[in-house]
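Comments concern the structure below.
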Amino acid sequence: MDMKKRVSLELRHRSPTEVQELVLDNCRSGEGKIEGITEEFSNLELLSLINVGLTSVADIPKLDKLKKLELSDNRISGGLELLSERLVNLTHLNLSGNKFKDIGTLEPLKKLPQLKSLDLFNCEVTNLADYRDSIFKLLPQLTYLDGYDIDDCEASDSDGEVVDEEDEEGLGKKKSFI
């Protein structure tokens, strides 16, 4: 299913201003770009675009209330300066499984003062010598990198990380953010 169609399905007859969480995982983006998400989603706090084929975040709209952005398992390799311009209150950013190769491509994240958690698991940049030290030095506002703090202590559930919860019927697991 393409991204625009998925956005309209997820709205469920609501206006974009009513939506606080938008999960579009595993749909398809045309030409590797974000589609169907506009500044009308002014109350959006969580946006999940996992495995949608993104190569760029160039079309991400200005979303002042967005706190959590999931972009894992795409093909993004740069262009992060737009995040600091358009997502000023971002606290959690998951870029795991993308194409980031060097620390310099992450430098624009310095301009996200609220950013507390960054995930780069399964990106080439994690193979660099002194990767963790370099990222914490580059982004002093970070509390957690890849789920661990600067002292290698794992993030607790109360720190706003993703946790698995059983659904009401106990029939399986669903992801939620706390």
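Just so you know, glycine gets a Cβ as well, placed from its N, Cα and C.
Just so you know, TrEMBL annotations are computer predictions that nobody has curated.
The compositional bias 'Acidic residues' annotation in TrEMBL covers 155-169. The domain 'U2A'/phosphoprotein 32 family A C-terminal' annotation in TrEMBL covers 128-146. Taken from TrEMBL, the feature region 'Disordered' covers 155-178.
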Positions on the same chain near the domain 'U2A'/phosphoprotein 32 family A C-terminal' (128-146), where near means CB under 8 A and six or more residues out: 96, 102-103, 106-107, 109-110, 112-121, 155, 159, 161
PLDDT averaged over the residues of the domain 'U2A'/phosphoprotein 32 family A C-terminal' (128-146): 96
Secondary structure composition of the domain 'U2A'/phosphoprotein 32 family A C-terminal' (128-146) [DSSP: H/G/I, E/B, coil]: 8 helix, 2 strand, 9 coil
